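Q: Sending over a structure as structure tokens; questions will come in a sec.
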Amino acid sequence: MKLAVLFCFILLIVLQTDCERGTRRQRRRMHQRRLRKSSSFHLRANRQLEVQQTTAAPDARLPTANSDYSVEENIESLLSNLGVESSYSVLPGKKGYCFVKGMIMYNKAVWSPEPCTTCLCSNGRVLCDETECHPKACPYTIKPEGECCPICSDAEQESINKLHKQVPPPQMEMDQVAIKEALQSEEDEEIAEGHKEHKKETSVPTKIHGDGERTERKLRPEKEGRSAHQPLYHGRREEEESKEETEREGEEEEEEEEEEEEDAIRGDVFRMSSRVIPGTPRGRPRLPRSCSLSYRTISCVHADFTEIPPITAPEVTNLELVGNSIISIPDEAFNGLPNLERLDLSRNNITSSGIGPKAFKSLKKLMRLNMDGNNLVHIPSDLPSTLEELKINDNNLQAIDEKSLSDLNQLVTLELEGNNLSEINVDPLAFQSLESLSYLRLGRNKFRIIPQGLPASTEELYLENNQIEEITEICFNHTRKITMIILRYNKIEESRIAPLAWINQENLESIDLSYNKLYHVPSYLPKSLLHLVLIGNQIDRIPGYVFGHMQPGLEYLYLSFNRLSDDGVDLVSFYGAYHSLRELFLDHNDFKSIPPGIQDMKALHFLRLNNNKIRNIHPEQICNAEEDEDSALEHLHLENNYIRTREISSYAFSCIRLYSSIVLKPQHIK
């Protein structure tokens, strides 16, 4: 019996709590509905105001007769309440047709004679209707509170009012009346709904309360026993409070979701994100004037520095000090940049005596060092062993001894162009420790022979603009990986090239001997050669079978600006290259006709014969008449010769797919 009474009492408390929560929830919903309805009612009131302003009473007019005996009838428009007098005639004698400005309009035809006017032909009568034209532009913008961007307000009604000659009532009065009516109607609805819900919610508690009064008399003797169950009651009370908190949190989440949905629907308004925009990092290093920081690079280009600026930035990996007036590098110049990987000190006035013995000691991760355009007379000592690229071009280097590059076993690129180096002041063991070197530039120096002791790992060797006269048999004995040799602008003669100088090189693919003293194409070329450049020599002959031993075969042969003539080339001159040659440059020579063998070069894509003395092109010199396949030629240059283009046979270029790839003009007239 005690448990039953206790259960009824707890149930009464729970129902009362649910009733209070439902009342609060109902008030919140009614408040939100009131806000939505007030805003929608305000918009409807504005629209009704616009319609009322544009509405005018039609004037009754009598039919009038026109000069062409047609009757003009003015009636009220069927499309709106606005009556507009029509100035269009009805076609006499044609029932159901209308005659408008010389045009016949069929029955039910609709047209617009002018903006904001629509006309209808109905059983021989012209019915016109003038509609409201909404302004295309936004005449007035407002910026709501708490928003970032302006929005367009209601369009002004002045243009419409002037059209109908009406004075609208004050906007403030209409707004106040509309708002009062909306609030009054909503309050009435809320009161009625509140009464209904209150009756439903209070019906059950009333019944329980009546039962409680009956049982109260029975419970009086048991008050003492009820106190024994107080701990149980408090425990359930705490559970109910926790449930209320969870339900309250759920309601708040629902409200937030509703607000998000409203924001998504109202997508024309921009809302600022609640997240904080990150500011400038506090760890940004202090930089001297005229310097900039980009990612991990500090750039101080042309900043008029006379010394290395003191910078402390452990996170920086690149430092550019190009184009300053720096003279010296003290021992502790880069102590604040321990993670530096690339250092550019080009175009300064740094001298060898101004570099401290421990200037680069703190740079344990330095990989690239550029010191072009300074006043160094020898390579700085104690360079980091991590260096992979070292550039000391355009200095005044006088010598390279055995220890200058001794610790740079990871060096891949070494550039020493534009100095005073020669075979006399460069020790034969200077490059011995460079085990990883693959790219070596020694151009614009004073070498007379190929430097001795080149690293075995060398792949590209640049020796242009020197005074080299001879290539001996032992020059490339230890460089079996070499793929490119550049020897242009030297003094090499074919008789001074040893037969075994490079014929056994298995990886050598490119040789540049331009602007030397060659009189014919050198013999004993490497078997692997693909690219041979002999521009600007005095070559007057291509010996037979000079390319015959090459595998897979020569692909690029450049012989421009030489002295080749018809007598210097025969059918066996290109033997071994007919199947492989892709580009052949024979321009600026002394040819008087197309060289023999051109039509047999099946892989040829680019042929230059311009600026010669060619006068005639025979049908089978470029295209073979016995073959039906098209030529692979894509570019053929024959300009600046003495060819009479009108006398060229129609079969001369029949194998070339595109005539636009043939250049014939201009020609010399003589």
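Cβ atoms here come from the backbone N, Cα and C positions, even for glycine.
According to Swiss-Prot, the feature signal peptide maps to 1-19. The domain 'VWFC' annotation in Swiss-Prot covers 96-153, and the record cites sequence analysis as its basis. If you look up Swiss-Prot, you'll see 185-270 marked as region 'Disordered'. Residues annotated as compositional bias 'Basic and acidic residues' in Swiss-Prot: 192-227. Taken from Swiss-Prot, the feature compositional bias 'Acidic residues' applies to 241-263. Look at Swiss-Prot and you will find 278-315 tagged as domain 'LRRNT'. Sequence annotations record features per position, and here Swiss-Prot assigns repeat 'LRR 1' to 339-359. Taken from Swiss-Prot, the feature N-linked glycosylation site covers ASN349, ASN420, ASN477. Per Swiss-Prot, repeat 'LRR 2' is recorded for 365-386. Residues or ranges marked as repeat 'LRR 3' by Swiss-Prot: 387-407. What Swiss-Prot lists as repeat 'LRR 4' is 410-430. Swiss-Prot lists 457-478 with the feature repeat 'LRR 6'. Feature annotation from Swiss-Prot assigns repeat 'LRR 7' to 481-501. The repeat 'LRR 8' annotation in Swiss-Prot covers 507-528. For 529-549, the entry in Swiss-Prot reads repeat 'LRR 9'. Look at Swiss-Prot and you will find 553-573 tagged as repeat 'LRR 10'. For 580-601, the entry in Swiss-Prot reads repeat 'LRR 11'. According to Swiss-Prot, the feature repeat 'LRR 12' maps to 603-624. Summarising the annotation, Swiss-Prot assigns repeat 'LRR 13' to 632-655.
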Q: Please indicate, using numbers and ranges, the residues of the same chain that are 6 or more beyond the repeat 'LRR 11' (580-601) and have a C-beta under 8 Å from a C-beta there.
A: 535, 550, 552-566, 569-571, 573-574, 607-618, 620-624, 637
Q: Measuring Cα to Cα, how many Å separate ASN477 (N-linked glycosylation site) from ASN349 (N-linked glycosylation site)?
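A: Their Cα atoms are separated by 39 Å.
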Q: Applying a 10 Å Cβ distance cut-off over all chains shown, what neighbour count does ASN349 (N-linked glycosylation site) have?
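A: Around the Cβ of ASN349 (N-linked glycosylation site), 14 other Cβ atoms lie within 10 Å.
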Q: What residues elsewhere in the chain lie close to the repeat 'LRR 6' (457-478), defined as a C-beta under 8 angstroms and at least 6 residues from its ends?
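A: Answer is 417, 434-451, 484-493, 496-502, 505, 512.
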Q: When the repeat 'LRR 6' (457-478) is classified with DSSP, how many of its residues are helical, how many are strand and how many are coil?
A: 0 helix, 4 strand, 18 coil
Q: With DSSP, how much of the repeat 'LRR 3' (387-407) is helix, how much strand and how much coil, in residues?
A: 0 helix, 4 strand, 17 coil
Q: For a quick check of packing: other C-beta atoms within 10 Å of the C-beta of ASN420 (N-linked glycosylation site), how many?
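A: Excluding its own Cβ, ASN420 (N-linked glycosylation site) sees 13 Cβ atoms within 10 Å.
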Q: Of the listed stretches (339-359, 365-386, 481-501, 553-573, 603-624), which one yields the highest count of Cβ-Cβ distances below 8 Å with the repeat 'LRR 4' (410-430)?
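A: Looking only at 339-359, 365-386, 481-501, 553-573, 603-624, the most contacts with the repeat 'LRR 4' (410-430) come from 365-386.
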Q: Where else in the chain does the repeat 'LRR 13' (632-655) make close Cβ contacts, counting only residues six or more beyond its ends and a cut-off under 8 Å?
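A: Tertiary neighbours of the repeat 'LRR 13' (632-655) are 587, 602-619, 621-625, 661-670.
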Q: Would you mind reading off the Cα separation of ASN349 (N-linked glycosylation site) from ASN420 (N-linked glycosylation site), to the nearest angstrom?
A: 18
Q: Using a 10 Å radius around its CB, how many other CB atoms surround ASN477 (N-linked glycosylation site)?
A: 13
Q: May I ask you to report the DSSP-based helix, strand or coil state of ASN349 (N-linked glycosylation site)?
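A: DSSP call for ASN349 (N-linked glycosylation site): coil, neither helix nor strand.
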Q: To what whole number does the mean pLDDT across the repeat 'LRR 7' (481-501) round?
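A: The answer is 96, the mean pLDDT of the model over that range.
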